[in-house]
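Colleague: Sending over a structure as C-alpha cells; questions will come in a sec.
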Amino acid sequence: MYGEWGMGNILMMFHVYLVQGFRSEHGPVKDFSFERSSRSMLERSEQQIRAASSLEELLQIAHSEDWKLWRCRLKLKSLASMDSRSASHRSTRFAATFYDTETLKVIDEEWQRTQCSPRETCVEVASELGKTTNTFFKPPCVNVFRCGGCCNEEGVMCMNTSTSYISKQLFEISVPLTSVPELVPVKIANHTGCKCLPTGPRHPYSIIRRSIQTPEEDECPHSKKLCPIDMLWDNTKCKCVLQDETPLPGTEDHSYLQEPTLCGPHMTFDEDRCECVCKAPCPGDLIQHPENCSCFECKESLESCCQKHKIFHPDTCSCEDRCPFHTRTCASRKPACGKHWRFPKETRAQGLYSQENP
C-alpha cells in the first residue's frame with residue numbers, strides 16, 4: 001500500500017514538474033513576443049510623430065479619433081466656446097479641457113514659419129564670387145533668398161532644389177586705388193525651391209534619441225507610451241489597457257470627457273459643417289430647438305406668410321396661395337390680398353379699397 005501511495009506521489013510530482021517546465025519554457029517566449037511587438041509598434045508610432053510636417057498631421061496621428069474635430073476647432077474660432085459648455089453639450093474627450101484653440105493657432109503659425117523654404121537673407125558678395133582680398137564691393141552684402149528652416153526628420157537637411165541668378169548693381173573697388181569706384185553688375189545665386197534631403201547614406205530605421213529616466217519618474221520599461229486607438233497607457237500596469245478600464249490622465253474630476261458622444265445625447269458632430277447637429281430632424285412644419293433638439297411651433301406665421309404674399313393657415317401650419325374673398329390683415333397692418341392675387345372681378349374693387357382702409 002505504501003509502495004502504491006509513494007508511486008502515486010512520484011507520478012503526481014512528475015506531472016507538476018512537466019507542467020511547470022512547459023510553462024517556464026513557453027510562457028516567457030509568448031510574453032517576450034508580445035513585448036517585442038509592442039515595442040515595435042511604439043517605435044513606429046514615434047517615427048510617425050517625429051516625421052509629422054504640420055500641426056494637423058501631428059494631431060491626426062496622436063488623436064486619430066478626433067482629428068477632424070481638431071481641424072474644425074483650428075479653422076472655426078466660434079467653436080472655441082465649446083470648452084465652456086456644459087458636460088452634456090458639445091464636450092470633447094480630448095481637446096476641450098487640455099488645449100486652447102488660440103494656442104493651437106499660434107503653434108501652427110510658428111510651425112509654418114519655420115518650415116524648410118527659401119528665406120530672405122544677407123550674403124557677402126566677395127565670398128560668393130570668390131574675389132581676391134585686394135578687391136571689395138560696396139555695399140559689401142546683398143539680400144537674396146537662400147534655403148533655411150527645420151526638417152521633420154533626423155539625417156536630412158534643408159537644401160535647394162532650384163536656383164536662379166539675379167543681377168545686382170554694385171561698386172567694385174580695387175586696391176591700391178588707381179581709379180574711381182567702378183559700377184559693375186554682379187550675379188548672385190538665388191534659391192527658388194527647397195526640400196529636406198538626406199546628407200548621407202540613410203539607415204533603414206531612423207535613430208531615435210532617448211533621455212534617461214530615473215526610477216522615481218517612471219518604472220515602466222518603455223519611455224514612450226503610445227497605444228492603439230481604442231486603448232490607453234496605464235502607468236501602474238505598464239501596459240496598454242482598454243479605455244473602459246482606466247480614466248483618461250488628468251480627467252478623473254471630469255467624467256463627462258469620457259462620454260462616447262461629442263455633442264450630447266440628442267446631437268451628433270457634423271464633420272462637414274464643423275458643428276453639432278440634431279440626430280433626428282423635425283417634421284417639415286415644425287421648428288427644431290437648437291439646444292435640446294425638441295420640435296415646437298410652426299415654421300410659418302402670419303408675418304412670414306404675408307412677406308411671401310400668401311395666407312397663413314394655422315390648421316395646416318402653412319402658407320397657401322388660395323386667396324379668400326375677404327381681406328386679412330397682416331401683422332404689418334398691410335392686407336394679404338387685394339393687390340397681389342386674383343379673385344372675382346366683383347370683389348376686386350372692394351379689395352383695393354380695403355388696402356387703404358384695412
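Including glycine, each Cβ sits where the backbone N, Cα and C put it.
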Colleague: If you look at what Swiss-Prot says, which of Cys147, Cys150, Cys238, Cys240 makes a disulfide link with Cys194?
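Modeller: Checking Swiss-Prot: disulfide partner of Cys194 resolves to Cys147.
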Colleague: Just confirming the record: what cysteine out of Cys122, Cys141, Cys196 does Swiss-Prot connect to Cys151 via a disulfide?
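Modeller: Here Swiss-Prot pairs Cys151 with Cys196 via a disulfide bond.
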Colleague: Name the cysteine that pairs with Cys158 in a disulphide bond per Swiss-Prot, restricting the answer to Cys116, Cys122, Cys141.
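Modeller: That would be Cys116, the partner Swiss-Prot lists for Cys158.
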Colleague: Using only C-alpha positions, which one of Cys116, Asn190, Cys194, Cys196, Asn292 is spatially nearest Asn160 (N-linked glycosylation site)? These are the recorded positions in the record.
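Modeller: Nearest by Cα distance to Asn160 (N-linked glycosylation site): Cys194.
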Colleague: Could you give the Cα-Cα distance between Cys151 (disulfide bond) and Cys158 (disulfide bond), in whole Å?
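Modeller: For Cys151 (disulfide bond) versus Cys158 (disulfide bond), the Cα atoms are 7 Å apart.
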Colleague: Fill in the CA-CA distance, Asn292 (N-linked glycosylation site) to Cys116 (disulfide bond), as an integer in Å.
Modeller: 48
